[in-house]
Amino acid sequence: MTDSTYDVPRVRTYLQGLQTRIADALGALDGTPLATDVWQRGPEERLRGGGCTRILEGGRVFERAGIGFSDVAGDALPPSASAARPQLAGRGFEALGVSLVLHPRNPYCPTVHMNVRMLIATKPGEAPIFWFGGGMDLTPVYPFEDDARHFHQVCKDALDPFGAELYPRFKTWCDEYFFLKHRNETRGIGGIFFDDFSEPGFERSFEMMQSVGDAFLNAYLPIVERRAALPYGERERDFQAYRRGRYVEFNLVFDRGTLFGLQSGGRTESILMSMPPVANWRYNWQPEPGSPEARLSEFLVPRDWV
């Protein structure tokens, strides 16, 4: 969409505040404040700009929790950003967003991912093109139906004020996007995903993105609070590491955000903070039929949760 009325400083201020709010809440829950790593790229580099990474490793609740804010610009959109919109190939761009991945220590607590972002594509002599993207999705190891219903209900409640059609549309998009084709399974129980969103204009699109970002803590923290104290042993940790391998596979093979960052010359440490701290692979391993581990497969297909 072409529109010269967008307001990058307002978006930037919101995103920086969102990162701080989430980092403070996670630090309070874990009992360990998240460290702060501010970074900057020079004007001579392929990707210019900077950002702030909030990171916790080895915490009581979170084995790794990373929340990144970045505001970067480049001379040409990378292929991962223009593949679906070839008319944007070669345009300069600015991309700003917040992205997080949380890997809890307890296998009964699900991993979660959330991202909200804005991109502007520019070309001399033409009006800029902007769009919003983002979403959130839940990846349990030992799933609970109550958790899935709660997570999806909060996502739906965040979107409904902007149109009843958005939740089913973004929910389906999430199921299709977070799918491991080579494994024929979804990454988790889904959530919402959207990209190239600008139809209602800047103000309404920005409000919708804020609603998604603001909903995250309510979607996720009650689940962690319910599950973080459940007892577990070596068996559960082994299965958690095995399932984390699927997370690695998706992020390195399919994830457009990872590819965008690496293709555009982004900051590798920030891009790969989504990786789990421990993961493993086993040759042709299958869970015992009827076991809690086997039950996970029932959840790794698209389902209507609300």
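Cβ from N, Cα, C; glycine included.
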| field | Candidates S99, S274, the one Swiss-Prot lists with N115, V116, R117, G265, G266, R267 as binding substrate | value | S99
| query | Taking S99, N115, V116, R117, G265, G266, R267 as the record's substrate-binding set, what's the max Cα pairwise distance in Å, rounded to a whole number? | reply | 20
| remark: The DSSP breakdown of the region 'Important for dimerization' (247-282) into helix, strand and coil residues is 22 helix, 0 strand, 14 coil
| Secondary structure at H182 (divalent metal cation binding site), reduced by DSSP to three states | coil
| request: Report, in whole Å, the straight Cα-to-Cα distance of N115 (substrate binding site) from H152 (divalent metal cation binding site). | output: 16
